[in-house]
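Here the structure comes first, spelled out in structure tokens, and everything after it is commentary.
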Amino acid sequence: MLLSARKLCRSFGENQVLFDVDLDLQVGEVHALLGENGAGKSTLVKILAGYLRPTSGEVVVDGSQRHYRSSGEAEADGVVMIHQELALAEQLSVEENIFLGRELRRGMFLDRRAMRQQSREALAELETDVDPRARVKDLSTSDQQMVEIAKAITRDVRVLVMDEPTATLTENEVSVLFALIDRLRQRGVAILYISHKLREIEQIADRVTVLRDGHLVDSGPMAGRSKEELARLMVGREITEMYPPRTHLPSDAPVVLEARDMVVPGVVKQASFTLRQGEVLGFGGIVGAGRTALIEAVLGLRSKSAGQVLRNGQPVVLRHLRDAVHQRIAYLTEDRKGKGLVLNMDLRSNVTLLNLRAHCHPLIDRRREEQAFQQAIQRFDIRLRTAARTAAELSGGNQQKLLLAKVMSIAPEVVIINEPTRGIDVGTKHQIYHFIHELTEAGCSVILISSEMGELIGLSHRVAVMCAGVLTGVLEGEQINEHEIMQYASGIKGAEVDEQCHG
Amino acid sequence: MSSVMANNKTTNKAANQMIKQKGFAIDLKTWGPFVALVVLALLGVLINPAFLGLDNLSNMLTRSAFIGIIAIGATFVITAGGLDLSVGAMAAFIAGVMIILMNSLVEQFGAGLTTVLFGVGASLLLGLCAGFINGMVTTKGKIEAFIVTLGTMGIYRSLVTYLADGGTLTLDWAVRDIYRPMYYGSFLGITIPVWVFLFVAIVGYILLNYTRFGRYCFAIGSNEKVAEYSAIHVDRIKTMTYMLQGVCVALATIIYVPRLGSASGATGVLWELEAIAAVIIGGTMLKGGHGRIWGTVVGAIMLTMIGNILNLTDAISNYLNGTVQGIIIIVAVYLQRASWRKAAP
């Protein structure tokens, strides 16, 4: 046994989040750690990697008990963690990041050549063409992820903890990552893999441990366990019908939003679409195809060089998101921490921020604000398990619900949702899908941008697919399947794409 | 917070405990500057009982009004993530223009109230414009506030020196007699500058805590992107904070001019740093997103009080005023950060 945890408990103040959890990691295994948001996964791995100390219980590495006081001590033992939120120094180069804090030296001076050489080797092993001299700031999110992984493998890693490593990766990058995990496994590295994507876990995990509300509910070999069973264990109840039925769309449903010949310099070359009342219009395509840019240009968050937007058939000029709000269009950003929520602000103010004028007469009426907040808690099932005061203290799923409450505060008729379930557990996903269904039943129209095929296929009435800034096609009915979407997303089918699609 | 209890009964006790703990930490943060002020005042009394004299207290509060009024404006700018280094030079420039304008109007209107009102109006207009320029260049030009206001600081400072031709601009004696009460007069036993200070503080408190503008300042200072995605006109709100700052500078200048009746290149030197210090001592975070008006008021009074206490004692040289102020600024912020750390789970 390489690493084992025995009866780990951890409390924050009076609030216990981990109860007598055991975990064993063997040499050369991929061990999946599952659980809903707030189940205690992050706390557990932070203890293992030395970022947190347990309230009670012990961590045993190589047969002897360890009391890590810092992540540095754990790393010296070969226990390395790759964070969910990338922890890179943006202004430094790739190689400077890889060796940050443990620079190679020759005498007093940095041994740049050796560091570049080793960085290059590590990056080559990851099959990525990232230049070691590039500045991290200039890299895409997925390349930054690769740098994080390179940073881990240049250390003498024996236990690698990966927290949601594929959340921001494209399909291709995921397969490269899995091949790498396979090689690490053969080298005898134990990998503790946290993910919400059960399909991935089915693909790569040897063993699996499931946490629920801080308790260990199941642990054992992956073989013989189905996705459905794991989902049930995580949530603690049966999840039937992940995707609700589609709302019936009358053939004469009016067009509520239309975009014509949109061009955003450098990102969107040509795109037009229509959205009908009560419809879910999916937007598929690989990361960087221009879906977010197109939608943000429609909303006035980005400037466009050409194009026209029509609301209920009338041309409208949306120069600022405020104009879109006046048109009863709500936008749920994909970046809930960077763009969606004011993390250090209290929960109530976050919910009312978008529609604050409804609570002003003319001074802010804090009592009415509080009422609105309480209603939002009920409606969106925001769970305040701890006495969380600020948005930063909520789990990912609850943050997403808080963001949903915020954008729904304007009582929109058109809701544009960008990656609604990124980094979110099965239970919350299920709730969000049903919420989208309720919206369309109530006559709202929804645009759904998603990189999860299952979501697009399961929820959309029609799917618009983009490739390299061009809207290549809009799929309907039987056409909505993984194969067709990929064909359009890669530019093989549909409208001319003058530049080669990459990804 | 009641939601916590309504929603989950099992963790009720734990949650309550958390609230209590946090409540305590917040109290420390909120009341820290007040506690420090009381401690400093007690020290003053111990050193010299004359400290508590009505004349001394009144004099001290009156003196703190200039920096205090400017610092209230600065609280908005800093809360919204900006910074204004130009306020001291702006005050000197406004004072200079006011004096020239009033002196030249004496011929036309005589040394009467009309002349003074023109001066006051011009001051407010200039402050508003100067703030507008700072705000527009910062937001539309996408240049850091530090750089923009460092630039305008140099501009205003040299302009007033130019207007005074390197010397001192002096207000007409007759006008001065009429204008005098603005600084030296009092109402209900409290001097006019203190009334203005109080008025600005109350308006500032309401603006920051009970209006959309104030809430938007917090949001922008915390995360500009989030503010933008919350349909807030970020550039407009930021520009408005600089304009508010400009008006505060104008108000401070209006009560400052009758005090000495003159302006020169040396007027208002280092006021910007004193104002920022008052804001920081009061518990506002320099990186934005967190601001407190009453803290700023206390901070401004504390800075003046230090000088006042040193005046009343021979134990420490008056020349060490800056040293004591510096130490207090650093200690105040250190204590606030320490309670931050305790508050985090």
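Glycine too: its Cβ is placed from the backbone N, Cα and C atoms.
What TrEMBL lists as transmembrane segment is B:31-54, B:60-80, B:112-133, B:145-164, B:184-208, B:239-257, B:293-310, B:316-335.
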Interface-richest range of B:60-80, B:184-208, B:239-257, B:293-310, B:316-335 toward the transmembrane segment (B:112-133), CB pairs under 8 Å:
B:239-257
Contact check, the transmembrane segment (B:293-310) vs the transmembrane segment (B:145-164), 3+ Cβ pairs under 8 Å, seq sep 6+:
no
Contact between the transmembrane segment (B:60-80) and the transmembrane segment (B:184-208) is defined here as three or more C-beta pairs under 8 Å separated by at least 6 residues; is that satisfied?
yes
Winner by Cβ pairs under 8 Å against the transmembrane segment (B:239-257), considering only B:31-54, B:60-80, B:316-335:
B:60-80
